[in-house]
Structure formats: C-alpha cells, structure tokens
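K.L.:
Let me begin by handing over the structure; questions about it come next.
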Amino acid sequence: MRIPRELEKLMFFGIFLCLDAFLYVFTLLPLRVFLALFRLLTLPCYGLRDRRVLQPAQVCDILKGVILVVCYFMMHYVDYSMMYHLIRGQSVIKLYIIYNMLEVADRLFSSFGQDILDALYWTATEPKERKRAHIGVIPHFFMAVLYVFLHAILIMVQATTLNVAFNSHNKSLLTIMMSNNFVEIKGSVFKKFEKNNLFQMSNSDIKERFTNYVLLLIVCLRNMEQFSWNPDHFWVLFPDVCMVIASEIAVDIVKHAFITKFNDITADVYSEYRASLAFDLVSSRQKNAYTDYSDSVARRMGFIPLPLAVLLIRVVTSSIKVQGILSYACVILFYFGLITLKILNSIVLLGKSCQYVKDAKMEEKLFNPPPASMPGKPGSKSQNKCKSSQGLSTEENLSASVTSQPVHQKESVIPLLVTSNSDQFLTTPDGDEKDITQENSELKHRSSKKDLLEIDRFTICGNRID
C-alpha cells in the first residue's frame, strides 16, 4: 500500500525533470544560439587568440538550433489534415495494431536517435589534426536531421490516432487504446525484476507519461482550433482526457505494486531512484561537469526533446494565427513567461535535488576526488577501498579525458557494474548472526545505490567537452 505514494513521488519529480529539459529547448537554447552566432560574427574584432573559433558547448548549441529550424520547415510539407482523414478511414482493429506498433517504434527511435545525436556532437567537437577531418560532420548532421524529422512524424501519427479516438462517436477506439495499457501488466508483472531493471522501467514510465501529456495537449489544440476556440468544447474533451490520464496512473500503480511484491523489493527503493536522478542533476550543475543536463536526462529516461519540440512548434504555429502588434506583444510576453517558468522550475528542482542527495548521504560522491591507484601488490583492505572508491566516484571516472577513445571508456565502465543484489531481501537469521547480516545488508544497500548511478553510462559521446 506504500507503493502508490512512493511511486507518484518519483513520477512527480521525474516529470518535472523532463519538463525542465523540454522547456530548455524553447527558452534558453535560442538565447545560447544567439550568443554563439554573435561571437562568431564578432570574431574579427577579438582576433584569433585561441585555437578554437567556438567553444564545444556553443558548437552543440548551434547544431541543435539548426536541426530544429530545418526540421520545422520540413514538417510544413506534411499535411496534418490529410493524415487525420487517412487514419479515420481505417478500421478500429487496424488502428489498434497501428498504435501498438507506433509505441514500440517510438522506444526504438529514442534509443537509436540518442546515439545519432551523440555521434554528431562528438564528431563536431573532438579535436582534429587535419582540416579534412571536419567533413565527417556533414553525414552525421544529415543523419541527425533525418532522425528528428522521422521521429517527429511518428509522434504526429500517434497524436493523430489519439485525436481520431477522441472524436469517434462510440468511443470504442478510445476504450481499446486505454485497454492497451493493461496489456503492460501482463507483459511485465510475472517477470523477474532486479532493482536496476525496475529503475530502468520506472524511467521509461516517467518518459511515457510526460510524452502522453504532450500528446494530449496537441490533441486539445487541434480540436479547439477546429471549433474556433469555443471553451464549451474543451469541457466536452475534458472527461476523455481525465480518463486517459487516470488509466495511465492506475496501470503504473498496479504494475509496480505487484512487481515489488513478487520480487520482494521494498517501497524504499523509489527514494533511492529519486536520489540517483537528483544526483545527476546536482552533478551536472558543477563547474567541472562534463555532461549537459538535458543529455543526462535523455540517457536515463530515453527522453529526447528535439522531435517533440519540433512537432509542438509546428502544431502551435498552424493552430494559432498571430496578426497585429498586440498579438506579437502577447507572444513576447508568453516567451518571457516560459523563461520565468524554466528558471523557477530549475531553482526548485536544484533545491529538492540537493535535499534528496543529502538525505541519501551521497554528498561525498560529489566532492571527494578519486584516490590514485598505488603500484605494487595492495592488500585486501586497499583493494576494498579501491573498489568502494570506484563505486563512489563513477561520475569522476566517467568524466575522464574526452580525447580518449570510446573503447577505453567502455573498458573502464563495464567492470564497475555489480551483480544483482536480490539476496539482500532474504530473511535474516536469529541469534549472534544478526549483527553480521545487518552489516552485510548495509554494505549491499550501499552498493545498490552505486549501481543506480552506473546505469545507461555506456557511451561517452554524450560527455560535454568544455
């Protein structure tokens, strides 16, 4: 019975993390692109004192901005109305199968797309000895543009299918699509789960829930536009929106409750998951951080904001017509409101994250540098200390020199992974062995926290090269 409360705390925190990374695309990214272009244009005034024309972070910002603009103009060639009527003409069962296929394709696209974007940022910012090596950025850039465009179309088809379900007369398609959520229970409840697997599934659920909220926003915008922004039609849509959200929450609660029951996992594990997400946020705000915060969120949850942002910009610009000076003034005020919301959200998240990290006693992982390995044959105590220091300082180990090759990075990451800790949930014996087993359980409890920080750290392309 404690699972719903602890799970919703994690979901609430994770959704605001995704919102922070999503708002970054609309608020701070245009400002950073403007500053990078301003530096590029005023470069003759400063002279070439440094070898680099732009900082690596500025290069990544310009690439993100160009990808957004190019994909936005490409999306104008996709007719939303024709897609809507094409989908509406299909049978209910066919639409149900299409929606299932789209959900699977969305997860595969997210996994593959993050690797494409990482490869683009890496090739654009790595130090190059020859000028000919800069040509390698071009194919990576076209691959990234193609990926963002295709993923945006896939999400648009998802939103259109959901819109058809909302506007169907007998609501049978909406009922079938909601029942699709309950299929997740059958596919996941009766499988064996470790704590790390449950962490990955929780992150996936956070990303899925946030994406569904954005899809519902797109559906409401399209419907309100068709009815000339009549507020009475919003209250017609409101029960269906609440029903979709309620079914998603109920399925997540039932799924996690039975998974933790069948695998003997306590409800306290969700506070550990929340602390590990908070640790990512706090470590990315340090001066010596190598990973941008949006990249760490993308790697943890599989949430890539660029395709979703392209689609939302396309839908908003086609649904809302801006005419006259007053309309442009409202757009500017809305933009400043988004910036204010982003800053306030970041401040609150950072404060909460520091509190969660302090409660989980993970502060030493942020400030203690990793000890240097001593040559010779160390004793058993020194070996244990080295192992614990490796677990404690995964962020520092993974933020090694970016000029090293990815093979060496992977070799240093893989030995850090620890085997499963399912034995710690067994009942402890009575008598004198109780103290020993308590110490062992504490050690295993600590090692499980180390494992959570090592999930989804198998690529170095997302590392920031400041």
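Backbone N, Cα and C define each Cβ position, glycine as well.
Just so you know, TrEMBL annotations are computer predictions that nobody has curated.
Per TrEMBL, the feature compositional bias 'Polar residues' maps to 380-390. Residues or ranges marked as compositional bias 'Basic and acidic residues' by TrEMBL: 434-448. According to TrEMBL, the region 'Disordered' annotation covers 367-390, 424-448. Summarising the annotation, TrEMBL assigns transmembrane segment to 12-42, 62-78, 137-157, 234-254, 303-320, 326-351.
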K.L.:
Go through 137-157, 234-254, 326-351 and flag the stretch with the largest number of C-beta pairs under 8 Å relative to the transmembrane segment (62-78).
P.N.:
137-157
K.L.:
Under 8 Å between C-beta atoms and at least six residues away from its ends: which parts of the chain pack against the transmembrane segment (137-157)?
P.N.:
63, 66-68, 70-71, 74-75, 78, 80, 83, 87, 98, 102, 105-106, 109-110, 112-113, 116-117, 119-120, 123-124, 211, 215, 304, 306-308, 310-311, 314
K.L.:
Using a Cβ-Cβ cut-off of under 8 Å, list the residues of the same chain that are 6+ residues beyond the ends of the transmembrane segment (326-351) and lie near it.
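P.N.:
Contacts with the transmembrane segment (326-351): 16-17, 19-20, 23-24, 26-28, 281-282, 285.
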K.L.:
Residues of the same chain, at least six outside the transmembrane segment (12-42), with any C-beta under 8 angstroms of its C-beta?
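P.N.:
Residues 53-54, 58-59, 61-62, 64-65, 68, 202-203, 206-207, 209-210, 213-214, 274, 277-278, 281, 293-294, 297-298, 301, 303, 305-306, 308-309, 335, 338-339, 341-342, 345-346, 348-349, 352 contact the transmembrane segment (12-42) from elsewhere in the chain.
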K.L.:
So which residues does the transmembrane segment (234-254) touch in its own chain, when a touch means Cβ under 8 Å and the partner is 6 or more beyond its ends?
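P.N.:
Same-chain contacts beyond the flanks: 3-4, 7-8, 11, 166, 171, 174, 178, 181-182, 184-185, 205, 208-209, 212-213, 216, 219-220, 223-224.
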